[in-house]
Amino acid sequence: MSKQPVQLRILDARIGDGIPMPGYATEGSAGLDLRACLEKPLTLAPGESALIPTGLSVYIEDPSLAGMILPRSGLGHKHGIVLGNLVGLIDSDYQGELMVSCWNRGRSVFTVNVGERIAQFVLVPVVQARFEVVEEFQASDRGEGGFGSTGRH
Ligand SMILES: O=c1ccn([C@H]2C[C@H](O)[C@@H](COP(=O)(O)OP(=O)(O)OP(=O)(O)O)O2)c(=O)[nH]1
Ligand SMILES: [Mg+2]
């Protein structure tokens, strides 16, 4: 499978030397795990969140692509460690450090260790809209029905 080239800068010298470079864990992995580039372990009390640097920046460049930062399922389900913004969206023109908002939505204290995999980065296609303002839409089967209008079962 051909892979999309994306420019990457390593902002923290520990990456590649102590903290592994991000890589796809398996051939079929959709996400690259992002690691906590912390100076020391960080303890998150229940309900607390912190913005954690990853030591990396990417320049996606192509406006028909974006990055998404998503939680890791194990951390989220077992430990309640998800993202403070629920999902992170990385614009194609963003060149700053990738940051992960880690939120402890669980009931126990959780310690994020230095270099720990805290979230994952997924490259996704994007289609930008060019809005055409109209007075009325052509009728559709659904019309304005939503929020359960088709019934529950
Ligand atoms: O989890 C995230 C979410 C965003 N970003 C960076 C990349 C993104 O391109 C930029 C702006 O994100 P967004 O547009 O979601 O935030 P905003 O609050 O609208 O900020 P801005 O006014 O800078 O667009 O912040 C991250 O590093 N991590
Ligand atoms: Mg924005």
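Cβ atoms are placed via backbone N, Cα and C, with glycine included.
It should be emphasised that the depicted structure is a prediction, and the values quoted were computed from it without experimental measurement.
Taken verbatim from TrEMBL:
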type    : residues                                        : note
DOMAIN  : 19-151                                          : domain 'dUTPase-like'
BINDING : Arg72, Ser73, Gly74, Asn85, Leu89, Ile90, Asp91 : substrate binding site
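TrEMBL feature annotations superimposed on the structure.
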residue : record                 : contacts (Cβ under 8 Å, 6+ apart)
Arg72   : substrate binding site : Asp33, Ile81, Arg117, Ile118, Ala119, Gln120
Ser73   : substrate binding site : none
Gly74   : substrate binding site : none
Asn85   : substrate binding site : Ser101
Leu89   : substrate binding site : Ala66, Gly67, Met68, Ile69
Ile90   : substrate binding site : Val58, Ile60, Ala66, Gly67, Met68, Ile69, Leu98, Phe121
Asp91   : substrate binding site : Ile60, Ala66
Assigned element (helix, strand, coil) containing Ser73 (substrate binding site), judged by DSSP: helix
Close-lying binding-site residues around ligand 1 among Arg72, Ser73, Gly74, Ile90, where CB distance stays under 6 Å: Ile90
